[in-house]
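**Student:** I'd like to ask some things about the structure below.
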Amino acid sequence: WTLQPPRRRPRRRRWSGSGRACACTTTRRSTRPGAAPRGSTRCSCSTRGTSARTRPRPPRAPRAPGSRASASSSRASATWTPASAASAHASSSCAPATTSRTPSAQPSRTYWNIGKLCFESDTEPYALARDKRVTDFAAASGIEVFSPVSHTLFDPAEIIEKNGGRPPLTYQSFVATAGEPPKPVMEKYSELPPIGDTGGYELLPVPKLEELGYGDLSQEYIPPFRGGETEALKRMRESLQDKEWVAKFEKPKGDPSAFLKPATTVLSPYLKFGCLSARYFYHCIQDVYRSTKTHTKPPVSLAGQLLWRDFFYTVSFGTPNFHQMEGNKICKQIPWRENGELFVAWRDGRTGYPWIDAIMIQLRKWGWMHHLARHSVACFLTRGDLYIHWEQGRDVFERLLIDSDWAINNGNWLWLSCSSFFYQYHRIYSPISFGKKYDPNGDYIRHFIPVLKDMPKEYIYEPWTAPLSVQEKARCIVGKDYPKPVVDHEAASKECRKRMEEAYASNRLGGNPVKGNSSNSSRRKFSDGGQDVPDSSMSKQPRKRS
């Protein structure tokens, strides 16, 4: 819950950079995504060049006569309550307490009487830095902090300590070190405890999408996944009802083209957002295993997938710069090339390879796709065809996936680009034959790329090989209605293998094949003009079959 002061009209207290008071009190609400938070104001008066976005301030505590509030005290004013609220609710358990921590010359401040702060432990670097600031502030204020590890099966810090102070870098060593996860807390609650008296403050509800800056909410396609704990538990129970499916679950044998009924539980978004406890899910799976004669084992089993999740959490927690190539001691230094045109074609589903494009379109529409589909597009972008930095693909997944998880997303991109964990770079997913093995009729492609829905199945994975008469009959002319392939897969994959071999050789010799290129260079805007010219072998168009 967020405590905010009662809403009021903007006051004339905006100051320009020149020291003159700004007369603007117009509140603007932008409809653009990423706009300023609701309730913010943007100066539109005559003092151009001095506009600023500011947050509405909570009411100030009474100042002592002749005193001057410092900048730090104004920042801390979010914890103040009106003096009237303090007197009116002095007997309430959640009422603010008046304390004076400064000499009498300083203003009297009114604080919320908070004795204990509880939040879930988070292992991401950003969260660790944020939580440290919160914990330090709480310690200085005499507030007890309770931060349990409950988002994962194990405590990553304990695993690293048991492993001699280093994160285990293989799945087998992680499982051997971790052992059996603790049991989940099984108490059930029908309702949350009451909030109590909030004084003169208003409890704000969850903001609407319009208030977050999204004006046009019309969508071409509504994702089929509902959020929340109720939906998570429902999905989990439905998946575990089929005990034979659970017992025989084997990850490499899933069907990445199944979209009407996905071949997995689709519980990853619920685990990511805390709608489903990983420990509870794990022990429910164990209950099913105990009721069957045989079942698959980690790493391919259903329970093994939760162990994979914890493996990446632990490695990421114990590896500095895990999210990038530069400064990451477990990441191969590979001189990935920059090519904005090819990257945008991959990102937008316009590579000319229907299997790859359908996956990227599903990602954009649903925010989810099967893990083997993710393997296909990640390999295509990096070591398979385009030889583009895995960090760029990671950023796209991070923005679009509803189950995007910092540790798992980075870990999988390190793996699939053969930058870490997995080093058989010569094994490449074909953008043609891999999808055809699961879906020879191309139903998955027809669903997500309607322009190809009438293409005969003989050409659905390679429409550029169809005779012009067939393309005309299917009402899909390659190069006009659907793009031509951006690279020749056979030539591009051969060149990628050669480059990967050279990069690996340089890493073994202790050299730096990157030659000073920063990993952040992959995040430049494409309009900068600093793009490499693609090799002729990699930009060559596929030959039309005779």
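Each Cβ is built from the backbone N, Cα and C atoms, and glycine gets one as well.
Where the annotation comes from TrEMBL, it is an automatic prediction and has not been curated.
Heads up, here are the entries from TrEMBL:
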type	residues	note
BINDING	264-268, 305-312, 403-405	FAD binding site
COMPBIAS	1-15	compositional bias 'Basic residues'
COMPBIAS	38-53	compositional bias 'Low complexity'
COMPBIAS	63-106	compositional bias 'Low complexity'
DOMAIN	112-178	domain 'Photolyase/cryptochrome alpha/beta'
DOMAIN	304-501	domain 'Cryptochrome/DNA photolyase FAD-binding'
REGION	1-106	region 'Disordered'
REGION	507-546	region 'Disordered'
SITE	Trp336	site 'Electron transfer via tryptophanyl radical'
SITE	Trp390	site 'Electron transfer via tryptophanyl radical'
SITE	Trp413	site 'Electron transfer via tryptophanyl radical'
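I would like each feature placed in context: is it buried or exposed, what are its neighbours, and how far apart are things?
**Tutor:** Annotation for Leu306 (FAD binding site): spatial neighbours Leu153, Ala278, Phe281, Tyr282, Ile285, criterion Cβ-Cβ under 8 Å with sequence separation of six or more.
Residues within less than 8 Å, Cβ to Cβ, of Trp390 (site 'Electron transfer via tryptophanyl radical') and separated from it by at least 6 positions along the same chain comprise Met325, Trp336, Ala378, Leu381, Thr382, Trp413, Leu414, Leu416, Ser417, Ser419.
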**Student:** Just to be sure I understand, if DSSP states are collapsed into helix, strand and coil, how many residues of the domain 'Photolyase/cryptochrome alpha/beta' (112-178) fall in each?
**Tutor:** 31 helix, 7 strand, 29 coil
**Student:** Write out the long-range same-chain contacts of Asp310 (FAD binding site), meaning residues 6 or more apart in sequence whose Cβ is under 8 Å from its Cβ.
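**Tutor:** For Asp310 (FAD binding site), the qualifying residues are Thr152, Leu153, Phe154, Pro156, Ile159, Phe174, Ala178, Pro181, Ala278.
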**Student:** Among all chains shown, work out which of the recorded positions Trp308, Phe312, Trp336, Trp413 has the most CB atoms within 10 A of its CB.
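**Tutor:** Sorting the candidates by Cβ neighbours within 10 Å, the top entry is Trp336.
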